[in-house]
């Protein structure tokens with residue numbers, strides 16, 4: 001028994017020594033704060049702890065470095081302010097023409113370009129997938145926009161004016177799907193003014209010349225209950241506020257929307273967001289091939305049913321699903 005006690009004490013002493021040694025390594029690593037922002041890949045951080053990783057990300061954030069590699073993954077921090085130079089066409093081209101885009105600063109364009117080259121380099125093209133995940137307000141919607149804009153740009157055809165015109169129309173539809181999906185599926189929450197209340201799976205198809213040929217977008221897990229219930233200080237889907245703020249006098253009369261009226265299902269209407277632009281949504285729907293008369297019927301259905309009873313809102317919710325489920329275009333039908 002005494003020997004066993006001595007063994008336990010010895011193990012405890014070793015563990016304490018190791019713990020103290022590890023803490024010293026962490027303190028030594030964090031002591032040189034001026035170099036923390038230089039770690040553009042978190043796999044280079046040593047020792048790897050929650051504290052060291054977060055301090056490196058914090059240091060990079062302070063010097064406006066919002067992207068950091070973590071091996072084959074990319075960590076993106078939301079700056080919560082516009083940085084136009086960070087997503088300019090010039091920067092997009094820089095990553096596209098670089099011999100080794102992975103040698104440039106970590107960026108979502110580097111990930112996008114690498115997946116594009118993976119398709120190009122295969123005799124039998126292999127599908128490539130990019131998973132964008134994160135908590136509310138992390139920037140998933142913005143990242144998806146950047147990816148679609150990048151591919152719509154680099155996968156454009158320049159073979160012939162006619163072919164280029166066709167691809168440009170597809171590009172336009174790919175990009176215009178964003179404001180439509182966000183209008184019908186996004187809402188203002190406590191943590192995010194433009195929070196996606198659904199998941200989406202976006203497919204971009206390339207032809208044998210690696211030019212954009214078609215696209216499809218599927219959605220799932222739409223937060224249907226938000227139509228009838230919103231948490232305190234949150235809002236309903238953007239489209240309802242867009243209609244009330246952007247409808248013409250004739251449309252208000254047709255849709256029975258009195259000027260200055262208040263609606264129980266539209267809390268916090270006084271908040272003015274960039275996403276409340278009705279004309280942007282309408283223009284995007286036109287580019288997607290949705291005619292004005294169809295648009296009018298869609299908006300009419302939304303208000304006639306959304307502001308009656310919860311029981312009759314089922315068809316509205318079904319239409320929201322259908323409107324977000326899939327759109328697909330091919331060059332031959334454009």
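Glycine is treated like the rest: Cβ placed from N, Cα and C.
Remember, predicted model here, so these are calculated numbers, not experimental data.
Noted in TrEMBL for the protein shown:
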| type | residues | note |
| --- | --- | --- |
| DOMAIN | 37-334 | domain 'Myosin motor' |
| BINDING | 134, 135, 136, 137, 138, 139, 140, 141 | ATP binding site |
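Projection of TrEMBL feature records onto the structure.
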residue	record	Cβ within 10 Å
134	ATP binding site	13
135	ATP binding site	8
136	ATP binding site	12
137	ATP binding site	16
138	ATP binding site	16
139	ATP binding site	19
140	ATP binding site	20
141	ATP binding site	20
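The record gives 134, 135, 136, 137, 138, 139, 140, 141 for ATP. Within 8 Å of the mean position of their Cβ atoms, the other Cβ atoms in that chain belong to 78, 192, 195.
Averaged across the domain 'Myosin motor' (37-334), the predicted model reaches a pLDDT of 84.
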